[in-house]
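If you check Swiss-Prot, you get these features:
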type	residues	note
BINDING	Arg24, Glu25, Leu26, Lys27, Lys140, Arg547, Cys548, Trp593, Glu637	5-methyltetrahydropteroyltri-L-glutamate binding site
BINDING	Ile463, Gly464, Ser465, Glu516, Asp631	L-homocysteine binding site
BINDING	Ile463, Gly464, Ser465, Glu516, Asp631	L-methionine binding site
BINDING	His673, Cys675, Glu697, Cys758	Zn(2+) binding site
ACT_SITE	His726	active site, proton donor
Amino acid sequence: MSSHTVSTSLAVATLGTPRIGPRRELKSALESFWAGKSTEADLLKVAAALRAANWARQSARGVSVIPSNDFSLYDQVLDTSVMVGAIPEIYGWRGGPVSLATYFAMARGTQAEIAGHGCANGHHHGDSTPQGVPAQEMTKWFDTNYHYMVPEFSAGQSFQLASVKPLEEYREAKALGYDTRPVLLGPVTYLKLGKSADAGLDVLSLLPKLVPVYIEILGRLAAAGAKWVQLDEPALVLDLDDRERLAFRDAYGQIARELPHLDIMLTTYFGGLGDNLDTALALPIAGLHLDLVRAPKQINAVIAKGPKDLVLSLGVVDGRNIWRADLPDLLDRVEPIVQQRGAERVQLAPSCSLLHVPVDLELETGLDPDLKSWLSFSLQKMGELSTLSRALSGDRAAVQDQLSASAKAAATRRKSPKVHDMAVSSRAAAVTPAMTQRNSGFAARATLQHQRLQLPAFPTTTIGSFPQTAQIRQARAAHAKGAISDADYNTFLRGETARAIQWQEKVGLDVLVHGEFERNDMVQYFGEQLSGFAFTKEGWVQSYGSRCVRPPILFGDVSRPKPMTVGWWKYAQSLTGRPMKGMLTGPVTILNWSFVRDDVPRSTACLQIALAIRDEVGDLEQAGATMIQIDEAALREGLPLRRSEWKGYLDWAVECFRLCSSGVKDETQIHTHMCYSEFNDIIDAIAAMDADVISIETSRSKMELLDAFKTYKYPNEIGPGVYDIHSPRVPSVEEMTTLLQLARQRLSDGQLWVNPDCGLKTRGWDEVQGALVNMVEAARQIRQVSAG
């Protein structure tokens with residue numbers, strides 16, 4: 001490396017930080033407020049304290065460009081909707097300041113009991129009950145595991161400045177001594193993230209009405225002293241057409257004409273600009289942020305084509321994953337750029353907002369010391385950037401210890417036997433195409449399965465989990481603290497399992513499940529029993545609102561030391577003569593809901609998990625299981641943002657599912673479950689998975705999702721969900737028979753199973769009992785109609 005350094009100090013910027021607090025203080029404050037145990041003033045006081053602490057922590061770690069307005073009580077897209085007055089009429093807002101009651105109604109609906117209205121896999125947002133108003137729709141933020149509230153627009157949509165939150169938080173920071181860079185979601189990405197209730201409305205046609213509101217708030221920020229404003233436009237890493245590219249030129253041209261002295265840092269992340277590069281470089285902006293973790297090579301084109309006075313924000317530290325950076329390697333990459341452009345035109349930054357990583361690694365006292373030395377959470381990433389800045393600003397000697405420690409950690413990780421297991425890599429290398437194929441085609445398998453299982457037409461089952469009552473959660477917590485012995489906890493769980501099985505028999509279900517009372521989370525339960533995974537105590541990240549998740553850390557080669565579910569399956573099957581499904585989480589879902597190692601391709605890590613699940617499937621079959629369900633709730637979530645990359649992902653994702661499910665005899669029935677709202681564009685991949693039975697979420701779409709399967713002539717069996725588990729409302733027999741008749745119009749009777757949309761973990765037993773009794777009766781009536 002050249003010893004030449006620049007004399008001016010290099011700016012260190014963050015694009016956004018975790019809002020939840022090191023100990024999830026925001027979660028506690030929100031849930032206390034929602035439960036009526038604290039006041040609005042109490043909540044706002046906690047929020048202000050969290051913001052102040054966030055700014056102080058960044059300043060202390062050498063961040064010189066500190067964001068404001070990155071904080072949110074629920075979601076930054078919802079904040080933007082409120083800011084621009086995009087509040088649907090149903091919420092009763094008629095102008096003026098937007099109350100917290102209105103804000104949270106948009107976020108959560110106004111049903112009486114909101115707790116636990118999510119999907120049982122814990123990664124969905126719930127709908128409201130029929131009373132009150134529903135929440136806005138929620139969906140994934142690009143390809144992350146964060147969820148945003150989808151803006152709703154109508155044909156007569158108007159916008160107005162309804163909230164000055166960005167201005168308030170800028171002033172709040174200024175009063176504390178921090179001159180921040182306010183951050184707002186950019187107008188084009190905001191519109192693209194929304195949806196219209198009116199068919200045929202092009203959301204981008206609303207841009208001329210929206211931009212003046214942005215100009216108003218940006219003008220007020222400038223008047224208050226803001227020299228720079230960060231506008232997030234991650235839509236620039238998506239596939240865009242010429243009309244969408246023109247929208248960027250129109251919006252930013254208008255902003256620049258109205259506010260010529262305000263410097264805009266346009267931020268892009270989650271990928272490279274690709275064919276949108278020329279569009280971005282032609283915009284009248286003062287700075288451009290690039291994700292150089294996901295798209296490191298784009299810097300060359302930007303330097304070659306971009307204006308020489310454009311400030312480049314280099315996203316060189318991974319804002320989405322928890323691995324420590326190799327700082328000497330980064331120095332080698334960044335130094336030539338700084339020398340070429342000058343320190344005043346370069347900023348060092350994470351690749352994206354640090355919202356997607358936990359707050360502070362120092363809170364983890366129980367991690368393996370080697371593993372801990374390879375990790376970096378939000379605060380540590382700020383420190384890494386600060387070290388990099390000092391090394392590039394002539395202060396190399398002062399940070400030599402940090403640089404050496406970084407290099408040592410990277411070298412140790414590359415060679416560690418904790419990461420690399422030759423037996424695993426040898427086994428993965430020996431996988432053959434035959435291992436990803438069932439012995440026979442579906443038609444031959446189905447004949448054998450039907451002979452063996454002797455199920456009625458329209459067989460009834462559930463997706464896997466039953467209600468996790470307060471008693472179960474208390475027992476789990478007590479066991480975790482050591483207050484209940486392993487033996488006593490096991491006895492308690494066996495009792496719950498036995499009751500659930502007796503209850504299912506009484507209701508009349510054809511295919512039973514054991515209820516999953518022993519499982520805390522559908523990914524964590526397996527990760528804790530597989531080598532290559534580690535778990536944190538305080539590694540929380542925000543999923544949505546007050547919901548936080550603690551993703552497993554997939555740090556090394558994966559194998560299964562011993563069976564994970566066989567004991568529970570054998571116990572459950574011993575209590576009934578009816579078929580008991582084995583219940584597993586699929587490899588793609590385990591991968592997509594974890595912090596994944598970055599030293600091998602994701603496909604390699606997934607293949608290893610698939611081999612471990614394959615072993616479990618084989619042991620369940622050996623123990624006598626006739627049906628094994630392998631859930632792939634997150635298969636679709638892993639799709640790359642660019643459609644050109646879909647095939648590559650789907651090829652290996654489907655191969656991994658087939659690898660874990662194809663080692664069984666023809667007469668063993670493989671089930672899978674998926675909870676998505678869109679199948680048309682991946683139906684080929686779903687068919688290629690070749691599961692004998694797939695259960696899907698269809699009740700809210702009135703079975704329209706099945707059109708994709710009908711058009712495709714999908715041959716295998718399908719369980720379209722006949723009731724929405726997200727609502728506590730018990731659907732009538734008639735509602736479910738109506739849905740089944742709609743399903744029969746699209747698929748043959750022999751293909752259809754009858755089941756709820758998703759697992760029942762988050763519902764109460766009273767709701768579940770009423771709904772499943774009606775579901776079994778609906779199936780009985782449809783059998784009569786079909787036979788008649």
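Quick reminder: no glycine exception, Cβ is built from N, Cα and C everywhere.
Everything Swiss-Prot records as a feature, shown here on the structure.
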residue: Arg24; record: 5-methyltetrahydropteroyltri-L-glutamate binding site; DSSP (3 states): coil
residue: Ile463; record: L-homocysteine binding site; DSSP (3 states): coil
residue: Glu516; record: L-homocysteine binding site; DSSP (3 states): coil
residue: Asp631; record: L-homocysteine binding site; DSSP (3 states): strand
residue: Cys675; record: Zn(2+) binding site; DSSP (3 states): coil
residue: Glu697; record: Zn(2+) binding site; DSSP (3 states): coil
residue: His726; record: active site, proton donor; DSSP (3 states): coil
residue: Cys758; record: Zn(2+) binding site; DSSP (3 states): coil
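Those residues noted as binding 5-methyltetrahydropteroyltri-L-glutamate (Arg24, Glu25, Leu26, Lys27, Lys140, Arg547, Cys548, Trp593, Glu637) have their most widely separated CA atoms at a distance of 29 Å. Within 10 Å of its Cβ, the residue among the binding-site residues Leu26, Ile463, Cys548, Cys675 with the fewest other Cβ atoms is Cys548. The binding-site residues examined here are Glu516, Asp631, Glu637, Glu697; by Cβ neighbour count within 10 Å, the least packed of them is Glu637.
Mapped onto three states, the DSSP output places Glu637 (5-methyltetrahydropteroyltri-L-glutamate binding site) in helix. Each residue contributes its Cα atom, and for Ser465 (L-homocysteine binding site) and Cys675 (Zn(2+) binding site) those atoms are 14 Å apart. The shortest Cα-Cα distance between Cys758 (Zn(2+) binding site) and any of the recorded positions Arg24, Ile463, Gly464, His726 is the one to Ile463. Taking every pair among Ile463, Gly464, Ser465, Glu516, Asp631, the residues recorded as binding L-homocysteine, the greatest CA to CA distance is 13 Å.
Counting only same-chain residues six or more apart in sequence, the Cβ atoms lying under 8 angstroms from the Cβ of His673 (Zn(2+) binding site) belong to Ile463, Gly464, Gln629, Asp631, Glu632, Ala633, Ile694, Ser695, Ile696, Cys758. By the criterion of other Cβ atoms within 10 Å of the residue's own Cβ, the least surrounded of the recorded positions Arg24, Gly464, Ser465, His726 is Arg24. Secondary structure from DSSP puts Cys548 (5-methyltetrahydropteroyltri-L-glutamate binding site) in a beta strand. Cα spacing between Glu697 (Zn(2+) binding site) and Glu637 (5-methyltetrahydropteroyltri-L-glutamate binding site): 15 Å, rounded to the nearest whole number.
Taking a C-beta cut-off of under 8 Å and a sequence gap of six or more, Lys140 (5-methyltetrahydropteroyltri-L-glutamate binding site) has these contacts in its own chain: Tyr146, His147, Tyr148, Glu637.
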